[in-house]
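Taking it in order: structure first as C-alpha cells, then the write-up.
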Amino acid sequence: MFSKQVTDSKVYQWFEERLEVQALADDITNKYVPPHVNIFYCLGGITLVCFVIQFATGFAMTFYYKPTVAEAFTSVQYIMTEVNFGWLIRSVHRWSASMMVLMMILHVFRIYLTGGFKKPRELTWVTGVFLAVITVSFGVTGYSLPWDQVGYWAVKIVSGVPSAIPVVGDLIVELLRGGVSVGQGTLTRYYSLHTFVLPWMIAVFMLLHFLMIRKQGISGPL
C-alpha cells in the first residue's frame, strides 16, 4: 500500500515498530469484496457520510445557537443572516438530515430484500435497528431546536403521545417535557439529547455495527 520511499523513512519505521502499520494497511486493502456487490450496497456508507456532515455542521452551529426559549429562534435567525456562511451551514445540516433518513430507509430495505439479517448476522441487524431509532430521535429533537411555531407544536404533540399509556403515561410525558408543560425544561432536554446523549449513543452502536460487518463480511446473494 505504501511506496518504498515512505516505508524506508524513519517516521514510518517508528510507527511500524509500535503499531504494525503495514499489517493494518494490508488487512484493510486486501479485504475480499464479493462479486455480487453493487451500488445498492453503498447505502449504509452514504448514511455514514451524511452523519459526518451532520456532526460537522451541527458542531459549527453550537458556537452561535442559544438553547433558551427567549433566544433560540433569534439565534437561529442570526446564524442564517449574520454569521459568515451560516445560511449554508444550516441548510446543509437540514438537507443532510433528510438525506440521512432517506438513505437509512433504503439501506434497511436493501438488507431486508437481500436477506442480510439472517444467521449469523442477527446481531448486526439488531444494532442497525437501534441505529434507526437513534436516527429518528435525532430528527425529533433537532426539529424542536429552532423553537419556532412548527418546532414548538411538533414537540407538544410528540411528547404528548405517551399520555395514552395507562398508569405510566403521564409520568413519561413529564419526563420528556421536563415538567408538566412544554417550556424551557423541554428545550434544554432536547438540546442535551441532540448534541450530547444521542451522538455518543450512535457512535457506540456504529462501532459495534461496523465491527460485526468487518468480522462477518458482506452477506451473499439470495
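Positions of Cβ are set from backbone N, Cα and C atoms, glycine also.
A quick note: this is a predicted structure, and the numbers were derived from the prediction, not measured.
As recorded in TrEMBL:
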- H93, H194: heme b 2 binding site (BINDING)
- H107, H209: heme b 1 binding site (BINDING)
- 11-222: domain 'Cytochrome b/b6 N-terminal region profile' (DOMAIN)
- 39-65: transmembrane segment (TRANSMEM)
- 95-113: transmembrane segment (TRANSMEM)
- 125-145: transmembrane segment (TRANSMEM)
- 191-213: transmembrane segment (TRANSMEM)
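Everything TrEMBL records as a feature, shown here on the structure.
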| residue | record | Cβ contacts under 8 Å, 6 or more apart |
| --- | --- | --- |
| H93 | heme b 2 binding site | I53, Q54, T57, G58, M61 |
| H107 | heme b 1 binding site | L43, G44, T47 |
| H194 | heme b 2 binding site | G58, F138, T141, G142, L145 |
| H209 | heme b 1 binding site | T124, T127, G128, L131 |
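In the three-state DSSP scheme, H209 (heme b 1 binding site) falls into the helix class.
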